[in-house]
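The feature NAD(+) binding site is assigned by Swiss-Prot to 54, 116, 117, 118, 119, 120, 138, 139, 140, 141, 147, with similarity to another entry given as support. Taken from Swiss-Prot, the feature substrate binding site covers 143, 190, 274, and the record attributes it to similarity to another entry. Marked as Ni(2+) binding site by Swiss-Prot on the basis of similarity to another entry: 190, 270, 290.
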């Protein structure tokens, strides 16, 4: 097992917590990662290889990787997913069917060449075809590379399906450093979203009896802290900054994989992001980077949750429930602190900066909690009229 995965597994074991085994055989984060990928497929004797890309990732990484594989005697072919009417590649029925239909027989392994959306499509397709897949990220933009969950759009609704994790991941630092600043900032935003997701997870433990892992929370908290500590390096896209960001994203994904759920990394801020994504698709508007939406939602929710912890409407709750809510939310950083971090990394901090209007944000705030059967501060506010009447929508 590789170091990053071994460290995560060991942290759970040292805490005496039982988890699913982490079966990502190899994780390489460094220079010339493609060399390690070639060595890996040779050892696995994977002869027929399908690389799944979009037009952009095909240009920046897919062509070169396909050529290198074919020069080594493999039968490799790039499968480029076409854009939709809004000019996006999305993980929806259209893209999933395209990949399933055009993945030829025989295929020994699939390679996801891209960022979050490409990986969601490939992990679902590989799961359906009972094939292993390899992760080859092109930007440090999301934490889902090493997870098994595939958030996809089915019949217009964002749904997360547990599928499979990659058998191996090869992340080239030079390729990641060359990613657009917006995608680096999105990865940072996805990590800052852990501020609210971890608080929501704590609440779900006490108020709904949902599964909780102290070790998992600690691992994700430490990964988040590392990113905040290296905000300037991440903003400057130094080798250290990109390594810290990418490793933190990978660790978050591995924790989700070990626990077989996304609670430590996905709370109310992700539900708001998903709702807005669905609205953009319905209106056939271009998509916004996942991490950018998550970061903006975290800014909104930290301030809202701090208000919730102080709201006298909580007097309607039992003492134990009230204390749990106050304990989880009253020490969250102010939204303006998160906004400063996000802007330092070159990303947006508020929804109006990414073209999402106030009506859309209010709509997401009122309805996004219905996307997942999960206890979050967002759900508590929306399902308790006492709190609503005290102005927490404003």
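Each residue, glycine too, has its Cβ placed from N, Cα and C.
A quick note: this is a predicted structure, and the numbers were derived from the prediction, not measured.
Highest Cβ count within 10 Å among the binding-site residues 54, 143: 143. Residue 270 (Ni(2+) binding site) has a Cβ environment of 29 other Cβ atoms inside 10 Å. Annotated pair residue 119 (NAD(+) binding site) and residue 274 (substrate binding site), C-alpha to C-alpha distance, rounded: 17 Å. For residue 138 (NAD(+) binding site), applying a Cβ distance below 8 Å and a minimum sequence separation of six or more within one chain yields 57, 60, 61, 113, 114, 115, 175, 176, 179. The Cβ of residue 140 (NAD(+) binding site) lies under 8 Å from the Cβ of 171, 176, 179, 183, 184, 187, 242, 245, 246, 249, each of which sits 6+ residues away along the same chain. Taking the mean position of the Cβ atoms of 190, 270, 290 as the Ni(2+) site, the remaining same-chain residues with a Cβ inside 8 Å of that point are 116, 142, 143, 189, 193, 266, 269, 273, 291, 293, 294.
Using a 10 Å Cβ-Cβ cutoff, residue 147 (NAD(+) binding site) registers 33 neighbours. According to DSSP, residue 143 (substrate binding site) is assigned to coil rather than to any helix or strand.
For the substrate site, whose binding residues are given in the record as 143, 190, 274, the maximum C-alpha distance rounds to 15 Å. DSSP gives residue 54 (NAD(+) binding site) a coil state; it is part of no helix or strand.
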